[in-house]
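Asks: One structure is given below, represented as structure tokens, and several questions about it will come after.
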Number of protein chains: 2
Amino acid sequence: MDATGFRRLWDQIAATGRADSGGYLRFSWSAADLALREWFDAQAAERGLRVESDRNGNRYAHWDAGTGPGVLTGSHFDSVPHGGAYDGPLGIVSAFLAVDELRASGFAPQRPIVIGAFTEEEGGRFGVPCLGSRLMAGVVDPDRARALTDPDGTTLAEAMRAAGADPDALGPDPERLASFAAFVELHVEQGRALEAPVGVASAIWPHGRWRMTFTGAGDHAGTTRIPDRRDPMLTFAFAVLAARKEARLAGGLATVGRVEAVPNATNAIASQVTAWLDSRAPDEAVLAEILSGFTAKVKDRAGRDGTGFTIAPESETPIVEFDPGLRDRIAALLGGAPVLPTGAGHDAGVLAAHVPTAMLFVRNPTGVSHAPGEGASDEDCAAGVDALAAVLRDLAC
Amino acid sequence: MDATGFRRLWDQIAATGRADSGGYLRFSWSAADLALREWFDAQAAERGLRVESDRNGNRYAHWDAGTGPGVLTGSHFDSVPHGGAYDGPLGIVSAFLAVDELRASGFAPQRPIVIGAFTEEEGGRFGVPCLGSRLMAGVVDPDRARALTDPDGTTLAEAMRAAGADPDALGPDPERLASFAAFVELHVEQGRALEAPVGVASAIWPHGRWRMTFTGAGDHAGTTRIPDRRDPMLTFAFAVLAARKEARLAGGLATVGRVEAVPNATNAIASQVTAWLDSRAPDEAVLAEILSGFTAKVKDRAGRDGTGFTIAPESETPIVEFDPGLRDRIAALLGGAPVLPTGAGHDAGVLAAHVPTAMLFVRNPTGVSHAPGEGASDEDCAAGVDALAAVLRDLAC
């Protein structure tokens with residue numbers, strides 16, 4: 001399709017949930033989210049697609065055809081606070097356009113094609129990413145989900161009821177999962193790793209978050225001589241730089257973005273610094289290598305600083321390898337499209353444990369993600385629609 | 001005097017305001033402070049000294065003798081939260097014991113000897129250190145002082161009225177200042193720099209506090225490639241280590257004890273880090289050298305990190321040089337006692353602009369300050385009393 005055709009549909013949702021920052025506030029079950037769901041229903045109606053919600057608030061538009069399990073595509077509407085326009089909605093808009101392309105070419109699917117819109121993928125309102133797909137997969141307890149609160153103290157159950165949905169229905173949905181023969185999620189790339197218009201995901205990198213505690217001796221910043229100090233801020237500072245260095249040498253990522261000092265006073269040597277390490281890598285061996293190299297170097301430094309250092313995991317997510325057969329088939333179909341991993345989580349990563357799953361990425365020239373600067377050219381988005389249509393044709397014939 | 005004699009008087013106030021932490025909660029105008037003022041009055045009465053408060057709530061016990069301006073000694077009763085026993089009260093207890101020594105020796109002063117107890121030296125309740133002496137010196141506005149609040153929201157004016165004092169009287173007191181020919185404050189040393197029982201202060205180091213802002217690009221910790229990052233946490237970490245190194249090489253102190261990251265999220269590269277630098281040095285040239293070396297190195301690093309760095313002063317306190325004639329006279333009188341600077345502020349630092357002022361330090365074996373571990377041996381404290389008595393004899397004869 002051409003860039004103009006993409007832009008025409010894309011512009012229909014451009015104003016929905018847009019903030020003065022230029023970013024989006026599209027929190028699940030908010031007014032903006034309900035407006036996007038209405039738009040979804042209208043798009044389905046225009047195309048004669050049957051609309052249905054599942055028990056977890058995920059919404060589907062069915063192109064009923066043939067027999068047996070269907071081919072699922074789509075993504076999510078919700079955003080992080082002041083997030084970009086593309087992360088999520090691009091996969092849904094592209095799905096409707098791909099259906100249009102298939103129909104215009106006279107294609108008659110031999111199995112259902114289903115467009116899905118997952119709920120609370122970002123965790124931007126209730127704090128648990130991929131909540132809709134995780135509930136479906138049975139890896140989040142429904143009682144816990146119902147009690148999750150947003151920053152205003154509203155529970156998910158209250159927000160769902162206010163939107164006319166039924167929180168008592170939340171729970172595992174193996175029948176829904178079994179109704180899909182494959183899932184293909186199209187998504188904007190979130191870094192600058194993709195240099196072609198469209199790529200195919202190989203895997204979601206393994207990911208860990210660790211809590212680090214640096215302890216020392218709180219003391220007077222004006223009277224404690226340097227040799228008498230045991231300042232945990234120094235060990236923390238070393239750790240920030242060591243994390244970057246270990247990740248760079250090993251070919252992974254490591255970030256320290258959160259820090260809390262005690263007593264956090266200008267004229268006091270800190271008695272304790274707590275900070276969090278986020279690290280991701282192409283495989284679990286590299287992730288382990290980063291962590292062990294990092295830990296050894298920081299322990300050594302703590303010994304020299306006279307401080308204490310402990311590190312404990314808060315979450316460790318193993319690698320998600322997308323279905324290799326599906327991945328290779330799609331890459332070949334797209335004329336040898338680049339195959340690349342991602343460091344971000346997706347509903348596709350959750351469903352991959354249950355359904356043969358693939359992801360298509362559309363190039364992001366800025367590499368910005370979760371911020372207004374996120375982008376993709378209309379030409380690349382149109383190429384994404386063409387690629388998705390080709391994949392759906394291949395899987396549904 | 002002997003250690004037992006010191007201990008006997010010292011123990012009279014050991015329980016007053018003591019917390020379960022082993023530290024002290026002796027906030028100005030609190031019940032503990034009022035109990036200490038009562039004790040002060042009783043000690044004065046036992047010795048036939050005339051007690052008087054000034055308009056700013058500082059209290060004095062006068063050994064009226066001779067004519068002309070008097071010799072002031074003493075310190076403060078108030079503590080930081082959970083502070084040590086010695087910081088402040090040691091100077092007051094030692095003053096009463098020095099008067100006892102002078103009287104026992106039959107000494108007849110030729111001018112008044114005055115024991116002072118200053119109010120809110122620590123700023124532990126109302127946030128402004130040396131409040132009593134600064135009000136007297138006219139460098140704190142009385143309206144501002146009356147409106148200062150403690151953590152419970154009680155104003156200084158309310159706290160004074162509840163204690164029977166008159167906040168409307170607060171203000172500059174040049175007549176009181178003119179009534180002192182000299183001020184000698186005895187204080188526990190706050191680091192481990194003093195290796196003899198008693199030393200003499202040369203100066204209070206110049207001191208600056210600067211606010212540092214590190215800016216970068218907030219981004220996704222899982223998808224932003226290392227070369228695409230502009231992470232201000234890295235520049236901040238470098239700055240922490242650079243501050244220590246510059247201070248060490250120049251012979252001063254530099255501390256980063258306070259830090260705030262935005263958005264302070266585990267999975268986000270920070271968009272901004274704000275932190276505060278506290279630096280002190282033997283003289284203003286060294287302080288300037290630390291600051292300029294530090295700033296140049298951090299700017300260079302920010303250039304390499306692709307981040308922004310600004311640094312702006314929040315307070316800059318020049319050096320306080322104690323009266324050199326008085327200092328040398330006292331050091332010689334004490335048989336060549338060590339002369340050393342301090343990095344901490346004192347009422348003596350405020351009065352030094354108006355009255356020839358000196359400080360005596362008593363050795364602190366732990367070097368701990370503003371914490372329960374602060375200490376001094378009874379023997380060293382007794383040596384401090386002897387030294388103070390010798391100095392008062394010399395100045396009042």
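Heads up, the Cβ atoms here are built off N, Cα and C, so glycines get one too.
Copied straight from TrEMBL:
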type: BINDING; residues: B:His76, B:Asp87, B:His187; note: Zn(2+) 1 binding site
type: BINDING; residues: B:Asp87, B:Glu122, B:His370; note: Zn(2+) 2 binding site
type: BINDING; residues: B:Arg209, B:Asn267, B:Arg280; note: allantoate binding site
Asks: With an 8 Å cut-off on Cβ distance to the B:Asp87, B:Glu122, B:His370 Cβ center, who else from the chain surrounds the Zn(2+) 2 site?
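Replies: So the extra residues in range turn out to be B:Ser79, B:Val80, B:Gly83, B:Gly84, B:Gly88, B:Glu121, B:Gly124, B:Ser369.
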Asks: Using a 10 Å cut-off on CB atoms, tell me which of the binding-site residues B:Asp87, B:Glu122 is the least crowded.
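Replies: Taking B:Asp87, B:Glu122 as the binding-site residues, the minimal 10 Å Cβ count falls on B:Glu122.
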Asks: Let me know the DSSP-derived helix, strand or coil state of B:Glu122 (Zn(2+) 2 binding site), please.
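Replies: Its secondary structure by DSSP: coil.
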Asks: Using a 10 angstroms cut-off on Cβ to Cβ distances, just flag whichever of B:His76, B:Arg209, B:Arg280 is the loneliest among these binding-site residues.
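Replies: Counting other Cβ atoms within 10 Å of each of the binding-site residues B:His76, B:Arg209, B:Arg280, the minimum falls on B:Arg209.
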Asks: Which of the binding-site residues B:Glu122, B:Asn267, B:Arg280, B:His370 has its Cα closest in space to the Cα of B:His76 (Zn(2+) 1 binding site)?
Replies: B:Glu122
Asks: For the binding-site residues B:Glu122, B:Arg209, B:His370, which residues show a Cβ-Cβ distance under 8 Å to chain A?
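Replies: Of B:Glu122, B:Arg209, B:His370, the entries that lie near chain A are B:Arg209, B:His370.
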Asks: Calculate the distance in Å between the alpha carbons (Cα) of B:Glu122 (Zn(2+) 2 binding site) and B:Arg280 (allantoate binding site), and round it to a whole number.
Replies: 18
Asks: For B:His370 (Zn(2+) 2 binding site), which of the binding-site residues B:Asp87, B:His187, B:Arg209, B:Asn267 has the nearest Cα in space?
Replies: B:Asp87
Asks: Of the binding-site residues listed here (B:Arg209, B:Asn267, B:Arg280), which is spatially closest to B:Asp87 (Zn(2+) 1 binding site) when Cα positions are compared?
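Replies: In terms of Cα distance, B:Asp87 (Zn(2+) 1 binding site) lies closest to B:Arg280.
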Asks: Other residues with Cβ within 8 Å of the Cβ centroid of B:His76, B:Asp87, B:His187 at the Zn(2+) 1 site?
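Replies: Near the Zn(2+) 1 site, the remaining chain residues are B:Ser75, B:Tyr86, B:Gly88, B:Pro89, B:Leu90, B:Gly91, B:Glu121, B:Glu185, B:Val188, B:His346.
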Asks: For B:His187 (Zn(2+) 1 binding site) and B:Arg280 (allantoate binding site), what Cα-Cα distance in Å is obtained after rounding to a whole number?
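Replies: A Cα-Cα distance of 20 Å.
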